[in-house]
Structure formats: structure tokens, C-alpha cells
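*Asks:* Let me give you the structure first, and then I'll get to my questions.
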Amino acid sequence: MSAGELVTVEPQELKFAFELKKQISCSLQLANKSDNFVAFKVKTTNPKKYCVRPNTGIILPRSTCDIIVTMQAQKEAPSDMQCKDKFLLQCVVASPGATVNDITPDMFNKEAGNVVEESKLKVVYVSPPQPPSPVPEGSEEGGSPRGSVSDNGNFSGSESVTATRSFVEPQDKSAEVKALVARLAEEKNSAIQQNNELRQELELLKREANKTQGGVSFLIVLLVGLIGIIFGYVVKKA
């Protein structure tokens, strides 16, 4: 378990039971051990390969948050079952009562003077459960981290900014779905509004037509009356 000042992370490695052509998921738990609202962001060196839900969020004081990381189906297995992908968890103190909507990229910008707690997590492939195997599972320790990363997985020194830039935020497909639903809702509202406008125009046309018909009927009655008077006059004269 990582021992940061704001958040602890468990586990420190993302373990995937690797299988070809199959999506695989694993989970992380973040525990806020402070009395502050903490905003977090998850980045990875290979954003097209993974989906993180949620990839940003707010952890309430003395509370926990579960994150699901899903690896997309792979067509080929890596040599020696070694993976070089890494994840970066960034945490920063947020304003009291903050929500996800209050999170901005600037909050995690260390160049702006913000105090950002960072933890690096590596990806480990493990073999899926198989019956029965007398061979004990091999060591899960991967290669030594790069020079820009300390032993506890945190970035330090002048190289931390450069190392952080190598990580990119993975896609959160739930956000894409929400955007699609919002767009469809807007299109539906627009269609309803257009329909209402067409109905109003139709009603107006009907009223105009009724008025026109009423005027024509009155003229016909008037003409018939005049013809009757003239005819009666002519008959009398005869």
C-alpha cells in the first residue's frame, strides 16, 4: 500500500490475468486519510489500450473510492509476459464541498505552484488460473524503475515534470456515453420545438382559411339577396 500524505493506494501494481482477445479488468482502491476533499486524476503511458472508470473524481474526507481499469482485448501476447505500461495517480487538495464538475486540469499543474501528490503504478501480467499447476507463481516484481522515478513510485526532482508529461489521461467511455445522451436529448428537444412551431403555423393557417370562407359566404348571401330584390322589382313592373 502506498503511504502518501493525502491518499493511500491499494494495490501498488495493476495485475491483469492476461488472455488473448479478451477484455480484462482489475481494480484499485484510493483511501483519503486526510480531513480535506481530495481531487484525483489517473494517467497512463498507453491511453488507447486502457479504459479507466472514473479517471477523475473527488474523494471525501476519510473516505474511499474504487477505480476499475479495463485493458482492451489484445491480439498478441508480449514476449516473456512483460508489460512496460505504467499508470500515474495524481492527487491534490480540493475546495471543501468540491464535486467532479469543479475539477480542472490546472489543479494538477505543478508548474503553477500546486502541491500535487503523485504515485506511479506498474502493470503486471499474470497467467490466468489453470488446473492444477505444481509450479508456484513466479515473482511479480518487474524491472527496476527509470531513473526519474523514486523507489516508492513517486516522481521527484527536476525531472518530475518531464516524466509526468509522458502519461496521458485514458478514455473514460462513460463520459462519452453521457455526451452522446446529452446530444440526443438536445436533438429531441429541438425536434419537439420545431413540431410545436409547425402546429402553431397550421392553426394560424386554419384560422385564416375560416375567416376567408366566412367572408365569401357573406358575399354570396348578399348577392343572392340583391338578385332577389331586383327580380321581385322586375316582376312587379311586369
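Keep in mind that glycine also has a Cβ here, set from the backbone N, Cα and C atoms.
Marked as domain 'MSP' by TrEMBL: 6-126. Annotation source TrEMBL lists region 'Disordered' at 125-169. Feature annotation from TrEMBL assigns compositional bias 'Polar residues' to 151-165. The coiled coil annotation in TrEMBL covers 181-215. The annotation transmembrane segment is assigned in TrEMBL to 215-235.
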*Asks:* By Cβ distance under 8 Å, which residues at least 6 away from the ends of the coiled coil (181-215) in the same chain are close to it?
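*Replies:* Residues packing against the coiled coil (181-215) from afar: none.
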*Asks:* Could you give me the DSSP helix, strand and coil counts for the domain 'MSP' (6-126)?
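*Replies:* Counts, helix then strand then coil: 13 helix, 61 strand, 47 coil.
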*Asks:* Could you please provide the mean pLDDT value for the coiled coil (181-215)?
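*Replies:* Average per-residue pLDDT within the coiled coil (181-215): 79.
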